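Per TrEMBL, these features apply:
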- 313-333: compositional bias 'Polar residues' (COMPBIAS)
- 311-333: region 'Disordered' (REGION)
- 6-24: transmembrane segment (TRANSMEM)
- 45-66: transmembrane segment (TRANSMEM)
- 72-91: transmembrane segment (TRANSMEM)
- 98-118: transmembrane segment (TRANSMEM)
- 138-156: transmembrane segment (TRANSMEM)
- 163-182: transmembrane segment (TRANSMEM)
- 202-222: transmembrane segment (TRANSMEM)
- 234-254: transmembrane segment (TRANSMEM)
- 260-283: transmembrane segment (TRANSMEM)
Amino acid sequence: QTLLLGVLLAAASNFLISVSLHVQKCSHLRLACQTEPKPYYTSKLWWCGITLLGLGEVGNFLAYGFAPITLVAPLGCVSIIGSAFISDLFLKKTMRAADILGGTLTVTGTYLLVTFAPNVPQELTATQVQTYLVSWPFLVYSILEIIIFCILLYFYKRKAVKHIVVLLMMVALLASLTIIAVKAVASMITLSAKGKTQLTYPVFYIMIVLMATSCAFQVKFLNQAMHLYEATAVVPVNFVFFTTSAIISGVVFYREFQSAALLSVFMVLFGCLLSFLGVFVIARNKREEHLQIPFIDCGLIPGKKLTGKIQPDSHSSRYGTLNNEDNSVKSQS
């Protein structure tokens, strides 16, 4: 029952997050169509989306207190499936065959994850968390992670290598620490709510600091990736890297596969693979949508008599090009 509660909470929270993102997108589109655009924070619809987003993130946080990381992290694919199908309702998009195929693959993978997820105790005490922190598997894992992160950071800072894999690998390494801390904090809060106080242990506050710090830097690098690359490339790659790092951290730190049968381990990994494939199929060949940039009529500019129009081009070193077939105008340009 505890495992089922964690699954339902994670799935519902991720679906709520996808709804919130579309509500915010809808509010931005409405504001853009107004004759006198107002700031987005004055929109009640936008605040409704932010509230739903907050509820979804809180639900995701609590889900780690009831279910293993190996199960909760891959359920992030629910938000991607939800986004593909909710687009028809909110943004009037056309359902593609790739969306249906990707959704089917992801749902199948999720079913395998839920069915063969490791059945391990989820009530983690502060004493257990302290023991895991000083265990040799986690110490070796931490050293390797620090070395890899420093190498990636060197290439990012010194060599100006801003490839999507470099950025999202750093996000994934930080995310593994975030997930470890989130599960520890959520489990200790859950136990405290049941009457077994864990909030007096220093490790509880150490985990809160680790969670906040790693999450802040994670958001920094993720925003950099979103700035440099399209969301259709960032979302699936980030989902795969994040889920993989979360599963590895769950296996190393919380020993979630310690007593699992070989068949269960294989089916869980196969379910993750199907979910990854489904997410890539959904995101494949999706085009980024931008608000249409208005034309500027040269005839409305003081001192200009040309009737051609200039279309601003953000990908060009010049302001724009003249849409006029007159050769003399072209030569002047």
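Heads up, the Cβ atoms here are built off N, Cα and C, so glycines get one too.
The shown structure was predicted, so the numbers you read here are calculated from the model rather than taken from an experiment.
Counting residues 6+ beyond its ends, the transmembrane segment (163-182) has Cβ neighbours under 8 Å at 61, 64, 69, 73, 145, 148-149, 152-153, 155-156, 207-208, 210-211, 214-215, 217-218, 221-222, 224-225, 228-229, 233-234, 237-238, 241-242, 244-246, 248-250, 253-254 in the same chain. Sequence-distant contacts of the transmembrane segment (45-66), counting only residues of its own chain at least 6 positions beyond either end whose CB sits under 8 Å from a CB of the stretch, comprise 2-3, 5-7, 9-10, 12-17, 19-24, 26-28, 30, 72, 75, 122, 179, 182-183, 186-187, 189-190. Pairs of Cβ atoms less than 8 Å apart link the transmembrane segment (138-156) most often to 234-254, out of 6-24, 72-91, 98-118, 234-254, 260-283.
Note on the transmembrane segment (260-283): residues 70, 74, 77, 80-81, 84, 98-99, 101-113, 115-118, 232-233, 235-236, 239-240, 243-244, 247 of its chain, located 6 or more positions outside it, place their CB under 8 angstroms from a CB of the stretch. Between the transmembrane segment (234-254) and the transmembrane segment (72-91) there are at least 3 Cβ pairs closer than 8 Å, counting only pairs 6 or more residues apart in sequence, which means the two stretches are in contact.
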